[in-house]
Amino acid sequence: MGKIKIGINGFGRIGRLVARVALQSEDVELVAVNDPFITTDYMTYMFKYDTVHGHWKHSDITLKDSKTLLFGDKPVTVFGIRNPEEIPWGEAGAEYVVESTGVFTDKDKAAAHLKGGAKKVVISAPSKDAPMFVVGVNEDKYTSDVNIVSNASCTTNCLAPLAKVIHDNFGIVEGLMTTVHAITATQKTVDGPSAKDWRGGRAASFNIIPSSTGAAKAVGKVLPDLNGKLTGMSFRVPTVDVSVVDLTVRIEKGASYEDIKKAIKAASEGPLKGIMGYVEEDLVSTDFLGDSRSSIFDAKAGIALNDHFVKLVSWYDNEWGYSNRVVDLIRHMFKTQ
């Protein structure tokens with residue numbers, strides 16, 4: 001079986017990290033990148049140096065010419081095309097395209113990549129109409145006739161595996177989620193205009209900012225049994241990466257907190273190994289920086305009021321963990337062909 005050939009549209013936080021994951025994977029080959037807003041030499045700089053995840057150390061990265069990057073001796077074609085219909089993915093050999101601009105998140109817009117020769121598109125964001133898949137939760141529902149999918153959000157990727165384990169073992173009656181979420185690129189460095197979200201316009205590095213999130217409701221799309229049973233909100237906090245989900249649920253089958261811990265630990269060592277983690281050490285957010293798992297349950301941080309009402313805490317590197325799942329979803333789609 002040959003390598004999985006991927007292209008990336010949008011070389012932002014997720015685009016660059018998906019590239020890092022792909023370039024460190026033996027079964028995946030990055031063949032093309034498109035970004036109309038940055039030059040190839042600047043793309044080299046942005047990829048090589050990363051404030052959060054450190055310098056790229058796995059191969060030399062050089063500029064062959066204005067349309068080609070070299071990772072060691074591996075060429076990657078670079079495009080700078082605004083209209084996704086015009087990106088010649090087929091010529092570059094890209095069969096799977098990661099749509100990571102944050103702009104083309106619905107099916108019709110993402111389908112533009114198919115016109116350029118891509119076979120499948122993975123949207124690295126929630127989508128209002130593309131089917132959403134969370135690896136470890138519902139990727140087995142994917143069928144090869146589906147060409148455009150969403151990898152959901154980083155928060156849904158953290159919450160859904162945890163919710164699945166709890167629901168499968170104890171039954172979730174209802175629940176509320178809060179994500180304490182690191183800063184993202186859409187926030188403001190200083191107070192600025194944000195007509196649709198007034199609080200979101202305040203300085204990211206100086207404030208704890210309440211915000212909305214569809215992550216909890218989206219769990220109902222990947223786990224239909226939980227549709228209408230979960231909702232949530234977000235606090236944006238002044239850290240650059242790593243976030244944490246606080247899930248408070250009422251469960252149907254009475255269980256002690258120890259019982260719940262055992263169920264999560266078993267899942268993390270069994271069917272959800274590599275997706276779900278389990279820790280009992282006294283850790284803080286930076287301890288999870290660079291963790292490739294979607295959801296790392298913090299056994300010491302949770303509490304139970306009684307056998308039916310419990311608060312569960314799970315960490316996630318919202319950049320690196322999510323980027324790994326994008327590539328994992330592509331792997332699954334490739335195997336399903």
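Glycine too: its Cβ is placed from the backbone N, Cα and C atoms.
Note that the structure is a prediction, hence the values are computed from the model and not measured.
As recorded in Swiss-Prot:
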ACT_SITE  C154  active site, nucleophile
BINDING   R13, I14, D35, R82, N318  NAD(+) binding site
BINDING   S153, C154, T155, T184, T213, G214, R236  D-glyceraldehyde 3-phosphate binding site
REGION    1-151  region 'Binding to NAD'
REGION    152-337  region 'Catalytic'
SITE      H181  site 'Activates thiol group during catalysis'
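Recorded features from Swiss-Prot, shown on the structure.
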residue	record	DSSP (3 states)
R13	NAD(+) binding site	helix
D35	NAD(+) binding site	coil
R82	NAD(+) binding site	coil
S153	D-glyceraldehyde 3-phosphate binding site	coil
T184	D-glyceraldehyde 3-phosphate binding site	coil
T213	D-glyceraldehyde 3-phosphate binding site	coil
R236	D-glyceraldehyde 3-phosphate binding site	strand
Cβ-based isolation winner (fewest other Cβ atoms within 10 Å) among the binding-site residues T184, T213, N318: T184
Binding-site residues listed as I14, R82, least Cβ neighbours within 10 Å: R82
I14 (NAD(+) binding site) to C154 (active site, nucleophile) - Cα separation in whole Å: 10
10 Å Cα neighbourhood of T184 (D-glyceraldehyde 3-phosphate binding site): matching recorded positions from D35, R82, C154: none
Top Cα neighbour of R236 (D-glyceraldehyde 3-phosphate binding site) in the set of recorded positions D35, R82, H181, N318: H181
Euclidean distance between Cα atoms of R13 (NAD(+) binding site) and T155 (D-glyceraldehyde 3-phosphate binding site), Å: 16
Residue among binding-site residues D35, S153, G214, N318 with Cα closest to the Cα of H181 (site 'Activates thiol group during catalysis'): N318
